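Record features (TrEMBL):
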DOMAIN    12-241  domain 'Peptidase M24'
BINDING   HIS79, HIS177  substrate binding site
BINDING   ASP96, ASP107, GLU234  divalent metal cation 1 binding site
BINDING   ASP107, HIS170, GLU203, GLU234  divalent metal cation 2 binding site
Amino acid sequence: MKINIKNKKEIKKMRKVGKLAAAVLDMIEEYIKPGITTEELDNICKNYIKYKQKAKSACLGYHGFPKSICTSINDTICHGIPNKTILKNGDIINIDISIIKNKYYSDTSKMFFVGKITKKNEYLCKIAKKSLYNALKIIKPNIYIEDIGCNIQKYVESKKFTIVKEYCGHGIGKKFHEQPQILHYKTKNNKIKLKPGMIFTVEPMINMGTEKTKIMKDGWTVKTKDANPSAQYEHTILVTNFGCEILTLNKSDNIKSKLINI
């Protein structure tokens, strides 16, 4: 397995494209209201990325994906295709942004609340975000990749939620998906030690009910099998000499961009 270690020049480019992805999430926040369609959200993001940022969506056309962002509402876990669906009061929605700029990729997502949501859904989102933050706070050179998944699974299951196992984080750089895979649960097959210069995503998907999933007829949209809600937060991170750096930090994040974990 070849894992690309980024040099200083590459890291500089990854920081720039990471900030662009985060900026899209910051920009779209004000549009998340009852009555708007996910297709309208997609068009807003598409135009912002193309004309304001002079960048490209990494989603658009990827293995045939038809839109520029992923919009996953309520029981949709990931890869929701923007369409005529109208957001309603009480919905929770994950928006996943992937950007290409100067041949480098970034990838990030977060949850948005539509109007007033239930306390159960708010708690689900809180735990999903905390599971990501907890994992980022242990990342440093010489820990094993499997330590990340163990940390996430232990915390999430202690809160009586479940981890989606079919989808994982991934290396990222000049390619959208590189090695290594970052699993969000305990496994014995990730005895790879982290090294400074590694860049990858951490993106746990947390379900209120069963961890089981189903793929819809469009071939993309992934839903929970029992129709219970799901939540996800994602960041692209750089392993540093002393911990990690979040390359996709957005304005709603309540964590430092550079974490000292030694």
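Just so you know, glycine gets a Cβ as well, placed from its N, Cα and C.
The distance from the Cα of HIS170 (divalent metal cation 2 binding site) to the Cα of ASP107 (divalent metal cation 1 binding site) comes to 10 Å. Apart from the site residues ASP96, ASP107, GLU234, the chain places the Cβ of ALA21, CYS70, ILE97, SER98, THR108, SER109, THR201, GLU203, THR236 no farther than 8 Å from the centroid of the site's Cβ atoms, the recorded divalent metal cation 1 location. Apart from ASP107, HIS170, GLU203, GLU234, the residues listed for divalent metal cation 2, the same chain places the Cβ atoms of THR108, SER109, GLY169, ILE172, PHE200, THR201, VAL202, HIS235, THR236 within 8 Å of the centroid of those Cβ atoms. Ranking the binding-site residues HIS79, HIS170, HIS177 by other CB atoms within 10 A of the CB puts HIS177 at the bottom.
Of the binding-site residues ASP96, ASP107, ASP107 has the largest number of other Cβ atoms within 10 Å of its own Cβ. Across the domain 'Peptidase M24' (12-241), mean pLDDT in this model comes to 98. Counting in whole angstrom, HIS177 (substrate binding site) lies 15 from ASP96 (divalent metal cation 1 binding site) by their C-alpha atoms.
Contacts of GLU203 (divalent metal cation 2 binding site) defined by a Cβ separation under 8 A and a same-chain sequence distance of 6+ are given as ASP107, SER109, LEU132, TYR167, CYS168, GLY169, ILE182, HIS184, GLN232, TYR233, GLU234, HIS235, in order along the sequence. The Cβ neighbour count for GLU234 (divalent metal cation 1 binding site), using a 10 Å radius over every protein chain in view, is 23. Separating the Cα atoms of ASP96 (divalent metal cation 1 binding site) and HIS79 (substrate binding site) is a whole-number distance of 8 Å.
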